[in-house]
Ligand SMILES: Nc1ncnc2c1ncn2[C@@H]1O[C@H](COP(=O)(O)OP(=O)(O)O)[C@@H](O)[C@H]1O
Ligand SMILES: Cc1cn([C@H]2C[C@H](O)[C@@H](COP(=O)(O)OP(=O)(O)O)O2)c(=O)[nH]c1=O
């Protein structure tokens, strides 16, 4: 088999692929951890992972992405390079083994941050997506379910300022996150069957209730 840009990623998986999306501070990590706990308590095998990251190489690229200045094309290429490695070595094998894969961000983040946030060409991102996520059947590997944590950027910023020092993206001005949030809304409108909007401005129990409902509706939770 060739190993070029046209080589498909691993066999079609049997597990379930769930991604968590939204601007920084929306509550993704918090609810991903709760869902993982619930699934494990029911005896499901769960792979918890994140992007950029999830493999030694992709984690190295993450360090550069979060802490080094670079132009939008470089950012997009590094994000997709990390994603390719992550798909080949973690996501596809886990799906093939029947795991539920919970991934903190995936390609919607690239469209939202590099595309809408930075203003980078969306059609180039689509081309890269096609190369990186191709399946043996000629389709595109996408999450089975994407939970989009929608929250006003000012509220997310207030949550974050109370917790941690900002990285390169988190230090961007509010206007950047307004564009990123609009990017997520556009992606959700294009893929209404896959992307479920969660009102993440509500208190934690009310946000969890929406996550639980979406997970039940897609057979992720019984
Ligand atoms: N619905 C919520 N209400 C209040 N605080 C929240 C809520 N969701 C998350 N938080 C808090 O906001 C901060 C950022 O949450 P986190 O889950 O790390 O967001 P993300 O992974 O989307 O960046 C954390 O301190 C978390 O406890
Ligand atoms: C996956 C991905 C993330 N990012 C950015 C968004 C986030 O600000 C950053 C890291 O994501 P994240 O893991 O949410 O950061 P943290 O653990 O600090 O909450 O990378 C992109 O710009 N493009 C991408 O494709």
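FYI, residue positions are counted from 1 along the chain as it appears here.
A Cβ is built for glycine as well, from the same backbone N, Cα and C atoms used for every other residue.
Features of the protein shown, as given by TrEMBL:
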- 22, 23, 24, 25, 26, 27, 28, 29: ATP binding site (BINDING)
- 20-207: domain 'Thymidylate kinase-like' (DOMAIN)
Filtering 23, 24, 26, 28 (binding-site residues) by proximity to ligand 1: which pass a Cβ cutoff of under 6 Å to any of its atoms?
24, 26, 28
Can you give me the average pLDDT across the domain 'Thymidylate kinase-like' (20-207), rounded to a whole number?
96
Quick one: give me the count of other CB atoms within 10 A of the CB of residue 27 (ATP binding site).
22
Specify all same-chain residues, apart from the site residues 22, 23, 24, 25, 26, 27, 28, 29, whose Cβ lies within 8 angstroms of the center of the Cβ atoms of the ATP site, ordered by sequence.
149, 151, 156, 200
According to DSSP, does residue 22 (ATP binding site) fall in a helix, a strand, or coil?
coil
Taking the Cβ of residue 29 (ATP binding site) as centre, how many other Cβ atoms lie within 10 Å?
15
Among 24, 25, 27, the binding-site residues whose C-beta sits under 6 Å from ligand 2:
24
For residue 28 (ATP binding site), what is the secondary structure by DSSP, using just helix, strand and coil?
helix
Neighbouring C-beta atoms (10 Å sphere around the C-beta of residue 23 (ATP binding site)):
30
Over all shown protein chains, what is the count of other CB atoms within 10 A of the CB belonging to residue 26 (ATP binding site)?
28
May I ask which residues of the same chain, at least 6 positions away in sequence, place their Cβ under 8 angstroms from the Cβ of residue 25 (ATP binding site)?
151, 155, 156, 157, 158, 159, 160, 170
